[in-house]
Amino acid sequence: MIHLKSIPFATNKNVISSDPGAATLSETQANGLINERQVTDAKLSATRQRPPDCLIIGVRKGGTRALLDSLALHPQIAVARKEVHFFDRNENFNRGKSWYKSQMPDSRPDQVVVEKTPAYFTNSQVPRRVLDFDPTLKIIIIVRDPLLRLISDFTQVYYTKMENNKTQIALEEAIFRPNSTELKTSYKPVRNSLYSIHMRRWLEYFPLESFMIVDGDRFIQNPIGQLRLVEKFLGLPASIQQDQLVFNRGKGFYCFRNQRQRKPRCLGKSKGRKQIAVNATVRKYLRQKLLPYTQEFFAQIRTNFSSWLSLD
(Lines of atoms letter the chains of each structure in order from A and count residues from 1; the text may use other names and numbers.)
(Lines give C-alpha, C1' and ligand atoms only; values in the text may rest on other atoms or scores of the structure.)
Protein backbone atom coordinates (compact mmCIF):
# COMPACT_ATOMS: atom_id res chain seq x y z
CA MET A 1 0.00 0.00 0.00
CA ILE A 2 1.32 3.45 -0.92
CA HIS A 3 0.96 6.12 1.76
CA LEU A 4 1.02 9.73 0.57
CA LYS A 5 3.27 10.74 3.43
CA SER A 6 5.90 8.24 2.34
CA ILE A 7 6.10 9.48 -1.28
CA PRO A 8 8.82 12.12 -1.74
CA PHE A 9 6.99 14.38 -4.19
CA ALA A 10 9.08 16.64 -6.41
CA THR A 11 7.64 20.08 -7.20
CA ASN A 12 9.67 19.99 -10.39
CA LYS A 13 10.43 16.81 -12.28
CA ASN A 14 14.14 17.76 -12.21
CA VAL A 15 14.28 18.42 -8.46
CA ILE A 16 15.79 15.65 -6.35
CA SER A 17 14.55 14.83 -2.83
CA SER A 18 16.66 16.13 0.03
CA ASP A 19 16.68 12.56 1.40
CA PRO A 20 19.51 10.82 -0.50
CA GLY A 21 18.06 7.38 0.36
CA ALA A 22 14.61 8.08 -0.98
CA ALA A 23 13.39 7.34 -4.47
CA THR A 24 12.13 10.39 -6.31
CA LEU A 25 8.76 10.49 -8.04
CA SER A 26 7.33 13.30 -10.05
CA GLU A 27 3.83 14.43 -9.12
CA THR A 28 2.55 12.82 -12.31
CA GLN A 29 4.14 9.47 -11.43
CA ALA A 30 2.83 9.58 -7.88
CA ASN A 31 -0.68 10.35 -9.06
CA GLY A 32 -0.42 7.46 -11.49
CA LEU A 33 0.50 5.05 -8.71
CA ILE A 34 -2.37 6.27 -6.55
CA ASN A 35 -4.83 5.92 -9.41
CA GLU A 36 -3.57 2.39 -10.10
CA ARG A 37 -4.17 1.46 -6.47
CA GLN A 38 -7.66 2.96 -6.59
CA VAL A 39 -8.46 0.88 -9.67
CA THR A 40 -7.16 -2.25 -7.93
CA ASP A 41 -9.24 -1.51 -4.83
CA ALA A 42 -12.30 -0.92 -6.98
CA LYS A 43 -11.82 -4.25 -8.74
CA LEU A 44 -11.46 -6.10 -5.44
CA SER A 45 -14.57 -4.48 -3.98
CA ALA A 46 -16.70 -5.01 -7.09
CA THR A 47 -19.14 -7.90 -6.72
CA ARG A 48 -20.81 -10.16 -9.24
CA GLN A 49 -22.50 -13.54 -9.45
CA ARG A 50 -20.30 -16.43 -10.52
CA PRO A 51 -20.28 -20.23 -10.26
CA PRO A 52 -19.20 -21.76 -6.94
CA ASP A 53 -15.64 -22.63 -6.02
CA CYS A 54 -16.72 -25.21 -3.47
CA LEU A 55 -19.64 -27.58 -2.95
CA ILE A 56 -20.91 -29.00 0.33
CA ILE A 57 -22.46 -32.20 -1.02
CA GLY A 58 -23.61 -33.93 2.15
CA VAL A 59 -24.55 -35.67 4.14
CA ARG A 60 -28.21 -35.18 4.92
CA LYS A 61 -28.68 -34.73 8.70
CA GLY A 62 -24.93 -34.48 9.02
CA GLY A 63 -24.69 -30.79 9.90
CA THR A 64 -24.55 -29.20 6.45
CA ARG A 65 -26.70 -26.19 7.39
CA ALA A 66 -24.70 -25.46 10.53
CA LEU A 67 -21.46 -25.77 8.58
CA LEU A 68 -22.69 -23.39 5.87
CA ASP A 69 -23.92 -20.81 8.39
CA SER A 70 -20.64 -20.90 10.28
CA LEU A 71 -18.56 -20.56 7.10
CA ALA A 72 -20.63 -17.51 6.19
CA LEU A 73 -18.96 -15.75 9.14
CA HIS A 74 -15.68 -15.68 7.20
CA PRO A 75 -15.22 -12.39 5.31
CA GLN A 76 -13.68 -14.21 2.36
CA ILE A 77 -16.55 -16.70 1.93
CA ALA A 78 -19.84 -16.01 0.16
CA VAL A 79 -22.54 -18.66 0.53
CA ALA A 80 -25.70 -19.54 -1.38
CA ARG A 81 -28.26 -19.60 1.42
CA LYS A 82 -30.74 -21.90 -0.34
CA GLU A 83 -30.11 -25.43 -1.59
CA VAL A 84 -29.95 -25.00 -5.36
CA HIS A 85 -30.36 -28.67 -6.41
CA PHE A 86 -28.72 -27.94 -9.76
CA PHE A 87 -26.84 -31.19 -10.31
CA ASP A 88 -29.43 -33.61 -8.91
CA ARG A 89 -32.68 -32.28 -10.42
CA ASN A 90 -33.02 -32.57 -14.17
CA GLU A 91 -35.41 -29.62 -14.43
CA ASN A 92 -32.77 -27.36 -12.85
CA PHE A 93 -29.79 -28.90 -14.61
CA ASN A 94 -31.47 -28.42 -17.99
CA ARG A 95 -31.76 -24.70 -17.28
CA GLY A 96 -28.02 -24.50 -17.82
CA LYS A 97 -24.98 -22.83 -16.31
CA SER A 98 -26.34 -19.30 -16.61
CA TRP A 99 -29.31 -20.20 -14.46
CA TYR A 100 -27.04 -21.87 -11.91
CA LYS A 101 -24.82 -18.81 -11.75
CA SER A 102 -27.89 -16.63 -11.18
CA GLN A 103 -28.61 -18.60 -7.99
CA MET A 104 -25.24 -17.68 -6.48
CA PRO A 105 -24.61 -14.73 -4.15
CA ASP A 106 -22.83 -11.60 -5.26
CA SER A 107 -19.17 -12.05 -4.38
CA ARG A 108 -15.86 -10.26 -4.61
CA PRO A 109 -12.93 -11.73 -6.57
CA ASP A 110 -11.10 -12.54 -3.32
CA GLN A 111 -14.01 -14.57 -1.92
CA VAL A 112 -14.70 -18.30 -2.13
CA VAL A 113 -18.27 -19.05 -3.24
CA VAL A 114 -19.86 -22.06 -1.51
CA GLU A 115 -23.05 -23.90 -2.47
CA LYS A 116 -24.67 -26.59 -0.31
CA THR A 117 -27.05 -29.32 -1.43
CA PRO A 118 -26.85 -32.55 0.64
CA ALA A 119 -28.70 -34.54 -2.03
CA TYR A 120 -25.63 -34.33 -4.27
CA PHE A 121 -23.74 -36.97 -2.28
CA THR A 122 -26.27 -39.77 -2.78
CA ASN A 123 -27.42 -39.06 -6.35
CA SER A 124 -25.76 -41.36 -8.88
CA GLN A 125 -25.67 -38.88 -11.77
CA VAL A 126 -24.20 -35.95 -9.85
CA PRO A 127 -20.45 -36.85 -9.74
CA ARG A 128 -20.12 -36.94 -13.52
CA ARG A 129 -22.13 -33.74 -13.92
CA VAL A 130 -19.94 -31.94 -11.38
CA LEU A 131 -16.77 -33.17 -13.11
CA ASP A 132 -17.99 -31.92 -16.48
CA PHE A 133 -18.97 -28.61 -14.92
CA ASP A 134 -15.66 -27.90 -13.16
CA PRO A 135 -13.06 -30.57 -12.34
CA THR A 136 -11.22 -28.14 -10.04
CA LEU A 137 -14.09 -27.69 -7.57
CA LYS A 138 -13.32 -28.26 -3.91
CA ILE A 139 -15.79 -30.68 -2.31
CA ILE A 140 -16.74 -30.83 1.36
CA ILE A 141 -18.59 -33.72 3.01
CA ILE A 142 -19.62 -33.42 6.65
CA VAL A 143 -20.39 -36.85 8.08
CA ARG A 144 -21.78 -38.11 11.37
CA ASP A 145 -21.87 -41.49 13.04
CA PRO A 146 -24.01 -43.37 10.47
CA LEU A 147 -26.23 -44.90 13.16
CA LEU A 148 -26.98 -41.54 14.78
CA ARG A 149 -27.48 -39.98 11.36
CA LEU A 150 -29.97 -42.73 10.41
CA ILE A 151 -31.98 -42.17 13.59
CA SER A 152 -31.94 -38.40 13.01
CA ASP A 153 -33.08 -38.87 9.41
CA PHE A 154 -35.90 -41.18 10.47
CA THR A 155 -36.89 -38.72 13.20
CA GLN A 156 -37.33 -35.94 10.64
CA VAL A 157 -39.40 -38.21 8.39
CA TYR A 158 -41.49 -39.23 11.41
CA TYR A 159 -42.25 -35.67 12.49
CA THR A 160 -42.96 -34.54 8.93
CA LYS A 161 -45.54 -37.29 8.51
CA MET A 162 -47.05 -36.46 11.88
CA GLU A 163 -47.38 -32.77 10.94
CA ASN A 164 -49.03 -33.73 7.65
CA ASN A 165 -51.39 -36.22 9.35
CA LYS A 166 -49.88 -39.14 7.45
CA THR A 167 -49.57 -42.72 8.67
CA GLN A 168 -46.41 -43.34 10.67
CA ILE A 169 -44.57 -46.61 11.06
CA ALA A 170 -42.10 -47.81 13.67
CA LEU A 171 -38.38 -47.59 12.98
CA GLU A 172 -37.96 -51.37 12.93
CA GLU A 173 -40.72 -51.74 10.35
CA ALA A 174 -39.24 -48.99 8.17
CA ILE A 175 -35.61 -50.10 8.05
CA PHE A 176 -35.86 -53.90 7.76
CA ARG A 177 -37.13 -55.96 4.86
CA PRO A 178 -40.50 -57.69 5.46
CA ASN A 179 -40.11 -60.85 7.54
CA SER A 180 -36.34 -60.40 7.49
CA THR A 181 -33.46 -59.05 9.54
CA GLU A 182 -31.78 -57.57 6.47
CA LEU A 183 -31.60 -53.81 6.09
CA LYS A 184 -33.94 -52.23 3.58
CA THR A 185 -31.14 -50.46 1.70
CA SER A 186 -33.59 -48.79 -0.68
CA TYR A 187 -35.14 -46.88 2.23
CA LYS A 188 -33.58 -43.40 2.11
CA PRO A 189 -32.76 -42.96 5.82
CA VAL A 190 -30.86 -46.26 5.61
CA ARG A 191 -29.24 -45.67 2.23
CA ASN A 192 -28.10 -42.19 3.21
CA SER A 193 -25.99 -43.80 5.97
CA LEU A 194 -24.25 -46.26 3.65
CA TYR A 195 -21.47 -43.77 2.99
CA SER A 196 -19.15 -46.14 1.16
CA ILE A 197 -21.65 -46.78 -1.65
CA HIS A 198 -21.83 -43.10 -2.47
CA MET A 199 -18.15 -42.30 -1.84
CA ARG A 200 -17.13 -45.10 -4.19
CA ARG A 201 -19.02 -43.35 -6.99
CA TRP A 202 -17.48 -39.96 -6.27
CA LEU A 203 -13.95 -41.39 -6.22
CA GLU A 204 -14.48 -42.70 -9.74
CA TYR A 205 -14.45 -39.09 -10.92
CA PHE A 206 -12.44 -37.08 -8.38
CA PRO A 207 -9.18 -37.77 -6.50
CA LEU A 208 -9.32 -37.93 -2.73
CA GLU A 209 -7.41 -34.63 -2.59
CA SER A 210 -10.50 -32.85 -3.95
CA PHE A 211 -12.43 -33.71 -0.79
CA MET A 212 -12.51 -32.38 2.75
CA ILE A 213 -14.17 -34.80 5.16
CA VAL A 214 -15.52 -32.92 8.17
CA ASP A 215 -16.21 -34.84 11.38
CA GLY A 216 -19.79 -33.79 12.09
CA ASP A 217 -19.81 -35.28 15.60
CA ARG A 218 -16.78 -33.19 16.58
CA PHE A 219 -18.26 -30.19 14.81
CA ILE A 220 -21.32 -30.36 17.08
CA GLN A 221 -19.09 -30.40 20.18
CA ASN A 222 -16.32 -28.01 19.07
CA PRO A 223 -17.03 -26.21 15.79
CA ILE A 224 -13.95 -24.00 15.79
CA GLY A 225 -11.54 -26.92 15.51
CA GLN A 226 -13.24 -28.27 12.38
CA LEU A 227 -13.67 -24.76 10.93
CA ARG A 228 -9.92 -24.18 11.13
CA LEU A 229 -9.41 -27.28 8.98
CA VAL A 230 -11.98 -26.09 6.45
CA GLU A 231 -10.40 -22.62 6.25
CA LYS A 232 -7.07 -24.28 5.50
CA PHE A 233 -8.64 -26.58 2.88
CA LEU A 234 -10.12 -23.54 1.12
CA GLY A 235 -6.78 -21.73 1.19
CA LEU A 236 -8.08 -18.98 3.47
CA PRO A 237 -6.57 -17.37 6.57
CA ALA A 238 -8.06 -18.26 9.94
CA SER A 239 -10.75 -15.67 10.63
CA ILE A 240 -13.78 -17.17 12.37
CA GLN A 241 -13.52 -16.59 16.13
CA GLN A 242 -14.80 -18.62 19.07
CA ASP A 243 -16.96 -15.74 20.35
CA GLN A 244 -18.91 -15.83 17.08
CA LEU A 245 -20.15 -19.32 17.98
CA VAL A 246 -22.85 -19.13 20.65
CA PHE A 247 -24.09 -22.37 22.21
CA ASN A 248 -27.88 -22.75 22.45
CA ARG A 249 -28.47 -24.93 25.50
CA GLY A 250 -32.13 -25.48 24.67
CA LYS A 251 -31.37 -26.97 21.25
CA GLY A 252 -27.96 -28.39 21.97
CA PHE A 253 -26.50 -26.66 18.91
CA TYR A 254 -24.36 -23.61 18.23
CA CYS A 255 -25.74 -20.38 16.80
CA PHE A 256 -23.61 -18.05 14.68
CA ARG A 257 -23.04 -14.31 15.03
CA ASN A 258 -21.19 -12.16 12.52
CA GLN A 259 -19.35 -8.99 13.44
CA ARG A 260 -22.27 -6.74 12.46
CA GLN A 261 -24.96 -8.52 14.50
CA ARG A 262 -25.65 -8.71 18.22
CA LYS A 263 -28.22 -11.47 17.89
CA PRO A 264 -26.79 -14.79 16.65
CA ARG A 265 -28.28 -16.67 13.71
CA CYS A 266 -29.71 -20.00 14.89
CA LEU A 267 -30.79 -23.13 13.05
CA GLY A 268 -34.45 -23.68 12.14
CA LYS A 269 -37.11 -25.35 14.25
CA SER A 270 -36.55 -28.72 12.57
CA LYS A 271 -33.04 -28.84 14.07
CA GLY A 272 -32.45 -30.16 17.56
CA ARG A 273 -35.70 -32.12 17.83
CA LYS A 274 -35.96 -34.89 20.38
CA GLN A 275 -34.81 -38.09 18.70
CA ILE A 276 -37.03 -41.14 18.31
CA ALA A 277 -36.22 -43.63 21.07
CA VAL A 278 -34.45 -46.78 19.85
CA ASN A 279 -33.85 -49.62 22.29
CA ALA A 280 -30.33 -50.84 22.94
CA THR A 281 -30.80 -54.20 21.20
CA VAL A 282 -31.95 -52.60 17.95
CA ARG A 283 -29.16 -50.02 18.11
CA LYS A 284 -26.52 -52.72 18.56
CA TYR A 285 -27.96 -54.78 15.71
CA LEU A 286 -28.08 -51.74 13.43
CA ARG A 287 -24.48 -50.93 14.28
CA GLN A 288 -23.44 -54.43 13.22
CA LYS A 289 -25.32 -54.13 9.93
CA LEU A 290 -23.76 -50.75 9.16
CA LEU A 291 -20.25 -51.84 10.14
CA PRO A 292 -19.09 -53.23 6.73
CA TYR A 293 -20.08 -50.01 4.99
CA THR A 294 -18.42 -47.96 7.71
CA GLN A 295 -15.15 -49.87 7.46
CA GLU A 296 -15.12 -49.55 3.67
CA PHE A 297 -15.71 -45.80 3.99
CA PHE A 298 -12.75 -45.48 6.37
CA ALA A 299 -10.56 -47.27 3.82
CA GLN A 300 -11.77 -44.93 1.08
CA ILE A 301 -11.01 -41.72 2.98
CA ARG A 302 -7.85 -43.12 4.63
CA THR A 303 -8.92 -42.22 8.14
CA ASN A 304 -11.40 -43.42 10.73
CA PHE A 305 -13.65 -42.17 13.49
CA SER A 306 -13.31 -44.76 16.24
CA SER A 307 -16.62 -43.99 17.95
CA TRP A 308 -18.48 -45.29 14.89
CA LEU A 309 -17.13 -48.78 15.52
CA SER A 310 -18.46 -49.12 19.04
CA LEU A 311 -21.17 -51.75 19.50
CA ASP A 312 -22.35 -50.24 22.80
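Cβ atoms are placed via backbone N, Cα and C, with glycine included.
Remember, it's a predicted structure, so these values are computed and weren't measured experimentally.
What TrEMBL lists as domain 'Sulfotransferase' is 51-281.
Look at TrEMBL and you will find Lys61, Gly62, Gly63, Thr64, Arg65, Arg144, Ser152, Tyr254 tagged as 3'-phosphoadenylyl sulfate binding site. Just so you know, the Cβ of Arg65 (3'-phosphoadenylyl sulfate binding site) picks up 20 other Cβ atoms within 10 Å once every protein chain is counted. Mapped onto three states, the DSSP output places Arg65 (3'-phosphoadenylyl sulfate binding site) in helix.
Annotation source TrEMBL lists active site, for sulfotransferase activity at Lys61.
Annotation source TrEMBL lists disulfide bond at Cys255-Cys266. According to DSSP, Cys255 (disulfide bond) is assigned to a strand segment.
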Widest Cα span across the 3'-phosphoadenylyl sulfate binders Lys61, Gly62, Gly63, Thr64, Arg65, Arg144, Ser152, Tyr254, in Å?
17
Across all chains shown, how many C-beta atoms besides its own are within 10 angstroms of the C-beta of Thr64 (3'-phosphoadenylyl sulfate binding site)?
23
Rounded to the nearest Å, what's the C-alpha distance separating Arg65 (3'-phosphoadenylyl sulfate binding site) and Cys266 (disulfide bond)? Just drop the number here, would you?
10
Applying a 10 Å Cβ distance cut-off over all chains shown, what neighbour count does Gly62 (3'-phosphoadenylyl sulfate binding site) have?
29
Show which residues of the chain containing Gly63 (3'-phosphoadenylyl sulfate binding site), separated from it by at least 6 in sequence, have their CB under 8 Å from its CB.
Ile142, Arg144, Val214, Gly216, Phe219, Ile220
